[in-house]
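**Student:** Quick one: the structure is below, questions incoming.
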Amino acid sequence: MAAGVGGRNVPLGSAERGPHDGMRRDGDPYWSRPECRVWTVMLLLGTCLLYCARVTVPICVVALSSYFDWDKKQSGVVLSSFFWGYCLTQIIGGHISDQIGGEKVLLLSASAWGFLTVLTPLLTHVTSAHLVFMTSSRFFMGLLQGVYFPSLASLLSQRVRESERAFTYSTVGTGSQFGTLVIGAAGSLLLDWYGWESVFYFSGLLTLLWVYCTCKYLLSEKELIIPIDYLTRGLSIPKQTKVPWKQLFRKAPVWAVIIAQLSTASTFFTLLSWLPTFFKETFPESKGWVFNVVPWLVAIPTSLFSGFLSDRLISQGYRTITIRKFMQVIGSGVSSIFALCLGQTSSFCKAIVFASASVGLQTFNHSGISVNVQDLAPSCAGLLFGVICVYLAGYLIETTGSWISVFNLVAAVNSIGLCVFLLFGEAQRVDTDSAYVDL
């Protein structure tokens, strides 16, 4: 809590803010350093819990398959159904976030997916159509979580200075590895001790606790209210603030970041969804708390290091786009080499090393593609991020018959995205012209 005007205590996230859409009273739209630190920590925890909920099914898929007598194809349908829903709400989520504030969208979506996660095991025992229900549940989970990263991109692009953006984004992005680590360790133990249902309860209840703490300590009551006219503004685009789509999609850098993000997202989610099954099938005697934890434990320091290195190099005078491309070479190129090695090894220890290196180095994308979209168009970053789809993540595993082909495709898709970004990527703003007004 921080002291406000006249000695009145207000939430820290609301300190020094004026009445108009989070603008500070000194006219600066960016968070102060103390505010930025607090929000960074809370957003990191939010991203952690996002992935805790997202990875519940990949962690439990072997147990679920045995419990409900699913074959591998049916398990693939359940795993991939998340991504079909995930890409449907990204555009609208990003647009609403650009209009009414990303923090509001984040909290609404987190509340919904938290309740859904808690209710899933309860409702599963009520219905007899287990496959249909679980597929539908994962689809709706994708719908709810699809707004998170577009909202995050919108929020950070409007509240964090460019010189601090890569480190902030990579720090918050570390939550994805931290969340997978937490659910990998705690989830594996809960799965062994109490059954798959306990993993869902654990993840869902923690998410609801995070929402409560964020609302109570970072936002004022006024900031929690979303007036009807705000919702109307979020669902429509006034003429004076319309996004210049024709201008944007005539720019090669925009297509470069779209293709590259499509590639990195699809390959990351393929590894995220199927690595537990790969290790369980290839090395049946291995322990879940090992292969579900080690790769993501490695990814946390690499993600933080990538953001620190990126901001440090930019502050020393290196061109922004040069640094973004350098990070992407590591995140997409070097990581793909280890993915190829993963498909060829028969040693569990080597597989852990290759998986850790591939997953860890992919976090350099946080300081490459993920933040480049904010360099190009910070005023509509949520929308641009939302254009990216992840259909290929489910398609890769459903249409291949071996793990080697899956990892080969991961490397090929990463290489395509990397080459396009290296050839056409830029870091200058392209979302402004004489008729465009920043949101």
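Placement of Cβ uses the backbone N, Cα and C atoms for every residue, glycine included.
Just so you know, TrEMBL annotations never went through curation; they're auto-generated.
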**Student:** Region 'Disordered' per TrEMBL sits at which of 1-26, 261-286?
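**Tutor:** Among 1-26, 261-286, the range TrEMBL annotates as region 'Disordered' is 1-26.
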**Student:** Count the CB pairs under 8 A between the transmembrane segment (254-277) and each of 105-127, 289-309, 329-356, then give me the winner.
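**Tutor:** Answer is 329-356, with the largest number of Cβ pairs below 8 Å.
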**Student:** To the transmembrane segment (105-127), which of 41-68, 169-194, 289-309 is linked by the most Cβ pairs under 8 Å?
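**Tutor:** The listed stretch sharing the most Cβ pairs with the transmembrane segment (105-127) is 41-68.
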**Student:** Test the contact criterion for the transmembrane segment (169-194) and the transmembrane segment (329-356): 3 or more CB pairs under 8 Å, pairs 6 or more apart in sequence, then answer yes or no.
**Tutor:** no
**Student:** Looking only at the domain 'Major facilitator superfamily (MFS) profile' (39-429), what is the model's average confidence as pLDDT?
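**Tutor:** Mean pLDDT across the domain 'Major facilitator superfamily (MFS) profile' (39-429) comes out at 78.
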